[in-house]
Amino acid sequence: KYIKSFIRETWLKRYGSSPSEDMITLMWSFIVAVYSIGGLLGSSSAGYLAVRFGRKKAMLFANVPALLSAALMGLSRLCGSFEMIIAGRLSAGVCGGLALNIHLMYAGECAPRERRGLIAMTASTAVAFGKFVGFALGLREVLGVEALWPLLMAANAVPALIQLLTLPFFPDSPRYLLIDKKDKEGCI
């Protein structure tokens with residue numbers, strides 16, 4: 001309801017008239033749906049990026065759209081632009097599509113054979129945990145109030161920053177090193 005109210009207020013300031021409920025519903029629906037379009041774009045390019053740059057570098061690259069989306073959505077109210085929310089959701093979808101696919105490649109290729117199934121479950125476990133954290137942060141007692149919704153929308157910057165700080169210390173995927181880079185010593 002806060003974002004719908006923000007759309008209404010922004011529209012009124014820009015055009016001098018209140019938008020129809022259908023227009024607000026259309027904008028809200030587009031904000032929700034554009035994440036899936038971004039996810040499709042990210043998923044479509046995940047394979048290319050993983051082969052071209054390696055799994056680790058591609059996962060690091062996936063943080064760029066995550067941080068961009070956090071900045072766009074976090075600053076949208078300050079800038080008075082609901083279009084920034086749309087662009088931020090698109091960018092977050094790209095990050096989600098990239099990260100989910102590349103994470104599965106990287107984790108599966110780095111895991112010991114006897115633990116691959118367990119390690120492959122980390123993606124679905126992380127998604128479930130992320131949904132729980134998002135739900136908890138969205139409670140009225142935390143960030144689910146009108147004054148703080150931009151912070152809630154920008155909260156995806158935290159895991160992106162953690163990954164940017166920790167992932168460089170992880171090894172490259174052995175499969176990528178051996179098959180794509182022809183680096184047998186690095187693979188071993």
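If you go along the chain as it appears here, the first residue is 1 and each next one adds 1.
Glycine too: its Cβ is placed from the backbone N, Cα and C atoms.
Here the structure is a predicted model, which means the values were calculated and not measured.
Over in TrEMBL, the protein carries these features:
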- 1-188: domain 'Major facilitator superfamily (MFS) profile' (DOMAIN)
- 26-51: transmembrane segment (TRANSMEM)
- 58-78: transmembrane segment (TRANSMEM)
- 84-106: transmembrane segment (TRANSMEM)
- 118-139: transmembrane segment (TRANSMEM)
- 151-170: transmembrane segment (TRANSMEM)
Open item on the list: Suppose I define contact as three or more CB-CB distances under 8 A, residues 6 or more apart in sequence; do the transmembrane segment (151-170) and the transmembrane segment (26-51) meet it?
Closed with: no
- [ ] Mind checking which residues of the chain, 6+ beyond the ends of the transmembrane segment (58-78), have their Cβ under 8 Å from one of its Cβ atoms?
- [x] 6, 38, 42, 46, 49-50, 52, 84-85, 87-92, 94-95, 98-99, 102-103, 106, 149-151, 153-157, 159-161, 163-164, 167-168
